[in-house]
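Database features (TrEMBL):
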type     : residues  : note
DOMAIN   : B:169-355 : domain 'OBG-type G'
REGION   : B:402-423 : region 'Disordered'
COMPBIAS : B:405-414 : compositional bias 'Basic and acidic residues'
REGION   : B:511-614 : region 'Disordered'
COMPBIAS : B:529-539 : compositional bias 'Basic and acidic residues'
COMPBIAS : B:589-600 : compositional bias 'Basic residues'
REGION   : B:629-668 : region 'Disordered'
COMPBIAS : B:629-638 : compositional bias 'Basic residues'
Amino acid sequence: MPQGDYIERHRKLHGYRHDHFERKRKKEAREVHKRSAMAQKALGIKGKLFAKKRYAEKALMKKTLAMHEESSSRRKVDDDVHEGAVPAYLLDRDTTTRAKVLSNTIKQKRKEKAGKWEVPLPKVRPVAEDEMFKVIRTGKRKTKQWKRMVTKATFVGPSFTRKPPKYERFIRPSGLRFNKAHVTHPELKCTFNLEIIGVKKNPNGSMYTSLGVLTKGTIIEVNVSELGLVTPAGKVVWGKYAQVTNNPENDGCVNGVLLV
Amino acid sequence: MVQYNFKKITVVPNATDFINIILSRTQRQTPTVVHKGYAISRLRQFYMRKVKYTQQNFHDKLSTIIEEFPRLDDIHPFYGDLLHVLYNKDHYKLALGAINTARNQIGKVAKDYVKLLKYGDSLYRCKSLKVAALGRMCTLVKKLSGSLAYLEQIRQHMARLPSIDPNTRTLLICGYPNVGKSSFMNKITRADVDVQPYAFTTKSLFVGHTDYKYLRYQVIDTPGILDRPFEDRNIIEMCSITALAHLRSAVLFFLDISGSCGYSIAQQAALFHSIKSLFMNKPLMIVCNKTDLQPLEGLSEGDMKLVMEMKAEAMKTVIGQGGEATDDEGVLLTMSTLTEDGVMAVKNAACGRLLNQRVEIKMKSKKINDCLNRFHVAIPKPRDQKERPSCIPQAVLEARAQQAAEKEKRKTERDLEDENGGAGVYSASLKKNYILANEEWKEDILPEILDGHNVADFIDPDILMRLEELEREEGMHQVEDDEDFEMDGKDLTPEEQEALAAIRKKKSMLIQQHRVKKSTAESRPTVPRKFDKSREFTAKRMGRQLSSLGLDPSLAIERARSRSRGRKRERSPERGDAMDVDTDESNKKLRLRSRSRSRSMSRPPTEFVPGAGFKDSEQKVKAIKLAKKSVKKRNKNARRGEADRVIPTLKPKHLFSGKRSIGKTDRR
């Protein structure tokens, strides 16, 4: 009675069909044509996906082919240039480098005075008020329109309690409140899921900063204690600034870049 | 008895395929068209549906995977251990656990994003949220790719595991590699296990079945075990150890006394003693194989001593089961699978011992009380010494004797054939059982062609009967005419008799006419009198009839003629004369038909004539019916033939004129 290894056993006892290898070879040869027919006939989303996959395959193939051909051709090799090496005719000119450094510090000081910081996203699209708020009609005849509901993601903090509903002008719905952000360290290139401590500045205005609205470009403070950073003095760093790099209301999550 | 069969597990797709399947299903099965201008609730619902649908599908597929893979703690410990040995329980559980976690996380993702979608106020926002949700779910599944690949491999291997029933009667064959376990297996079962000269040919458990005393026994062939400490054993050896440990079976420990397997008897004995703890409570048998190379008696002293030690151990198991201490026949056996000497004896001994042990255990258990009352043979106690044999009536005995005699009495054709020389020599006379009027006609030869005609065409078994019938019919016609005068008993004057005859004749004529009319009514068209083809209704006929009644017809004829001949007077002058002749034609036709029956037309049309193209009379009748049916409709519509498509009036008045009582007259 056939056991678990019946396929191998049959092969051992009876060998292959007399035309097995020829058929296999021919079938594999036909695969090329079949694939091309499929690529030409496939419509819609299937066709697009297939085309994308095929494009990636072809790019890879081209690269490997180029790599194999590399060894046959010869190329010029540049000598490594020393850092700070200077050609002979400039040997006694060294003042320029210092000047650059000086002007950099001057620029930084000017920026500090102006209140501009070096951030990954210096400019963001301004968000209009009617995009930010939705007008809520209240009252018996629904004629009062002084309430606003925030339509963007917000951060409210753990000790937040609402004002009495009758008096609260800005409604921040709980479904749009976020406590955690996915923050990327720009040098380590890895992302951590860190708690938000607070909203430092929203580029669209101080009102939004006080409301805690998270839009693209907002500077937030995140809890980095799990990264284990230490100051040169020996103190543990537990809060750092990060900038929001996406539209949290469209993606359902807050992504940011750590400001080192 | 649960059959352990892991073939029913569905294929586990790999991660990318899995994602593709689910996403393409979402794309196909949910609505795809949405526009910016739709109501916001409709947009939200559209995208929420997609998110939920995807989540549901992921949940379903992952759940089937989790449920179909067996839980190692819920199955028989033999299979649990076997799967642990083969696949490592921890890895297995981790993989399934990862899938479970992914399933829950996907659920959470879907829930969160559906909550967010409720705040979506534009198509773009809802769409981005949906994209984010599906992307998150797919990323979770992508992380599962390792587990899914591992589970697929396991599934493929599990499907090929032998289906061993851990509770039924089993014989387990164990021993060193190359001692002849697989050859023995091939001999007693139909399993076709690979037998090769190198060690570890058998790499996993193999199952075969054999019968003994109408019961089915499972025989399990195990890979060879080497004598090593337990921790050093590899997976293959562990399979056999697992089988030994968990299956309640009879164990056949194979010993190669010739040493051709490469291991001495001392080594094999050492192995025996190291695994003898696994033989607890199992009927153990030592089988010495390869006796064709080295008989048991020719062993050296030391080897013999080792063998006897093993036998002593085996005897302990016999005693432990409460068997007689002196029964040592079934403990040490010799055989040779090459010469097949002693193979069956070994099998029978092993099966017998196992059966006895199982029966004993059953008898001791509590369940036996339920069964015992099912098979109780009641023997009545004899109350006196009188003999009471079974009583058979005399008639039955006689009938039996008669039947027995009859069976030999009747001589069959076969017996005749055998007597007269066999099949090729004797040809049976087929004509000897013919039933004929004269016995001498049996051997006559029948001619086939006579005077240029086929005799078969003229053969009719009922020919005499038909002749009689025909003569009777014809006779009747003649008799009928004469009968009129003999019918009444009263005396009539000759004129009265004449008148009576005339009246009767006319009556019968009318009746016959009516009958003809009625029989052809189905296929005769009903046409108004002005189209009468048979030319019955003529002015001359009217005149004759009126004059026979004693009236003067001339006025009536003139009136009729003036009406009918109103316009077409010039064209048809001769019609009147032509009409006269026809009146008698109908009679002529009837007479012709009755007199013109000759012998050659003595067959009724539905009678079967061989060679005419029909199989039997039924088919002929059917053909005639079909022919008539096809003609009927045309005749009814007074068409001259197939091609007659004349429409007498293209615009009949009743369709093209008149007001409607209700409705409009837009269309005519």
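In case you wondered, yes, glycine gets a Cβ from its N, Cα and C as well.
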Positions whose Cβ lies under 8 angstroms from the compositional bias 'Basic and acidic residues' (B:405-414), at least six residues beyond its ends: 428
Outside the region 'Disordered' (B:629-668), six or more residues from its ends: residues with CB under 8 Å to it: 522-525, 527, 531
Overall pLDDT for the domain 'OBG-type G' (B:169-355), taken as the rounded mean: 85
Per-state residue totals over the compositional bias 'Basic and acidic residues' (B:405-414) - DSSP helix, strand, coil: 7 helix, 0 strand, 3 coil
Secondary structure content, the region 'Disordered' (B:629-668) (per DSSP, counts of residues): 12 helix, 0 strand, 28 coil
